[in-house]
Amino acid sequence: MSSPFIIVVALFSWATLLVVSRVVLLRFGLDPWLFTFIQMMAGGAFLLAVSGRSIRAWGLLRDPVIWVYGVLRVATAAFFTASLIYTTAANAAFLSILSVPTSVVLLWFIAARRPQAGEFPGHFLVLLGMVLLTSQLDGAWRNPAVLLMIASELCVVLSTFIAEKHPVNQTRNPRARAGLTGVMLLVSSFVMLLCALTAGAALSQIPLLGTTMLSGPIWLTDPLVVLNPVLWVSAILVGVALRGPSMFVALAAIHRVRTENYLAGMAALPLVSLALEKAATGLGLLDPVPLDGPTTLCGVVMVTGSLLVIWSRHKRNGRERATGAPNTTE
């Protein structure tokens, strides 16, 4: 499978997951945090089942890095899914392009991958577009989606780097990568679900604290919301059909093209999400949302910036192949 093709598959897989999740959350009024935890448990169980490596995969739980990776992946999805309550999937995906400059800064410090000067105009456009886009959202910087997406992208950069470097993901065997992904999703999301429900049960016994959490997730004041059968059925279906496969394809793409290139390639995610949202609206699955020209233009600025970064890296890599020079970002 070629690198461009696997990036395209990942794009459509993630965009479909985002739009379907938004449809389910809004139509059934489900809690996004519990929905994500259960969805990722189902996706993890599915990948373990198809990997055929369940016994060996469970042995990975002895590796503390796997736990860090798992928590980061679940947190990434939870923050992103929660943002869909406050803005469209396309706007959330536009904000996710923040991962491009974020990955450069973090990988510069963590892995000494020094960015080239030619990348900086693209990174500047991404940051400029984010500032302008945020100013167009309802509530601007006070919109919860902004903070949720910043947290999500910090988590996604760190987890993507771990996925790139972890020995299990270095194998060419996709079944081994499925085992890694499955055990990570299943166990981490299960632990986080238990923590959320435990916190909710504790707060429900302390009236004073409970009243201060009324503006937070519903499970902080009513943990019994987890018993909603619609929540479980919808989350399991989305997890098995979309979340698990999306994670598997993402790991394969990261293995093929590396962290920063994968994240830059995801710059087209907002445009694909926007197209799928329009299709969902046409089918009556989402309420019509007028296309906001200024907001979309700001998002396009972010996409353009990311594409400039990709072009700069491609141009540099071409020169290095021609001259035989070492890659200074390694």
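Just so you know, glycine gets a Cβ as well, placed from its N, Cα and C.
Nobody curates TrEMBL annotations by hand; they come from automatic prediction.
As annotated in TrEMBL, transmembrane segment covers the listed stretch 293-311 rather than the other ranges in 122-140, 293-311. By number of Cβ pairs under 8 Å, the transmembrane segment (230-254) is matched best by 32-52 from the list 32-52, 64-86, 145-163. Within the chain carrying the transmembrane segment (145-163), a Cβ under 8 angstroms from the stretch's Cβ atoms is held by residues 65, 68-69, 72-73, 75-76, 79-80, 82-83, 86-87, 91-92, 95-96, 98-99, 102-103, 106-107, 110-111, 134, 137, 169, 250-251, 254, 259, 262-263, all 6 or more beyond its ends. Recorded stretches compared: 32-52, 92-110, 261-281, 293-311; the one with the most Cβ pairs under 8 Å to the transmembrane segment (64-86) is 32-52. Of the two recorded stretches, the transmembrane segment (92-110) lies close to the transmembrane segment (261-281), with three or more CB pairs under 8 Å once pairs fewer than 6 apart in sequence are set aside. Outside the transmembrane segment (261-281), and at least 6 residues removed from its termini, the chain residues within Cβ reach (under 8 Å) are 7, 10-12, 14-16, 18-19, 22-23, 88-94, 96-97, 99-100, 103, 156-157, 160, 250, 253-254, 287-289, 296, 299, 302-303, 306-307, 309-310, 313. Distant neighbours of the transmembrane segment (293-311): 90-91, 94, 97, 100, 119, 121-130, 132-133, 136-137, 261, 264-265, 267-268, 270-271, 274; these residues of the same chain sit at least 6 beyond its ends, with a Cβ under 8 Å from one of its Cβ atoms.
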